[in-house]
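Before any comments, here is the structure.
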Amino acid sequence: MTTTLEEQLSDKLQMMDETTDKVQGSSKQKDDSSIAASSDAKTASPSSSDSSTKVAAPESEFYNKAQKYWSEVPATVNGMLGGLGYISAIDIQGSNVFLREIRVPGNRLALDCGAGIGRVTRNLLIPRFSCVDLVEQDPAFADKAREYCTSEDGSRGKVGQIYNVGLQKFTPTQQYDLVWTQWVLGHLTDRDLVSFFRRIKQGLAPGAFLCLKENVSSSKKTVEDRNDSSVTRPLDSYEHFLKEAGFRIVRKVKQQNFPKGLFPVYMIACKPVSKE
């Protein structure tokens, strides 16, 4: 993964009490391999709300600890979602509605960042695109993803490259119609997050979208999870970092119908300021 996670949501969802949003020991979601800055990842650069990520440990330790955490997680949907595998269908439904609303102009090639075992690739991206590339840092997840995403006849031949690298080191070499990151950006330092956004900008086809789906803190503070070495940022931090990297936000929607007690989850679609 890099991810983040996808994170992912990459996107690893864990119950937390709404009243403990300020408590730094609280858990958080991650998805499809929110693996330390691999396929679901995290970043630097102070935001206007003074919510910049404060990584107590050295940067290498921050990433290594997250990588170790995800290496011990089962390569299953339930593992990717922190024991909350039952929310996968609701999550995919919300993402499908979001993509219909923004009307991605092309259907040739998509990129799943922090892909984990490919939950988002299989259920959201493969039905929409001719080919999907994945970025996933964890080797076991990457191996499982190719199997999981090609187990149905309609998906054969639709999985392209699987980049086994962290998002903090990933540079796209293709032009994508859509780049999707989910539950992984919390595994990047602020500095690496902005740098990742800037590199992704160079890998977007004309009119293409970068989409984020991430947990956000309910307060203006960044919440640190030392267990998996990640952070949950306020929504305005993502807005600030996207602007700093040269993106404009086209649409922003809160995911509905998730169980109570989880962090709010937002989807953000954006385009480079210099591209239409």
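For all residues, glycine too, the Cβ spot is worked out from N, Cα and C.
Listed by Swiss-Prot as binding S-adenosyl-L-methionine are G114, R119, E136, Q137, D138, L167, Q168; the candidate from Q93, Q175, Q182 that the record includes in that site is Q182.
Comparing the binding-site residues G114, R119, E136, Q137 on other C-beta atoms within 10 angstroms of each C-beta gives the minimum for R119. Of all the binding-site residues listed (Q168, Q182), Q168 has the fewest other CB atoms within 10 A of its CB. All protein chains considered, the CB of L167 (S-adenosyl-L-methionine binding site) has 39 other CB atoms within 10 Å.
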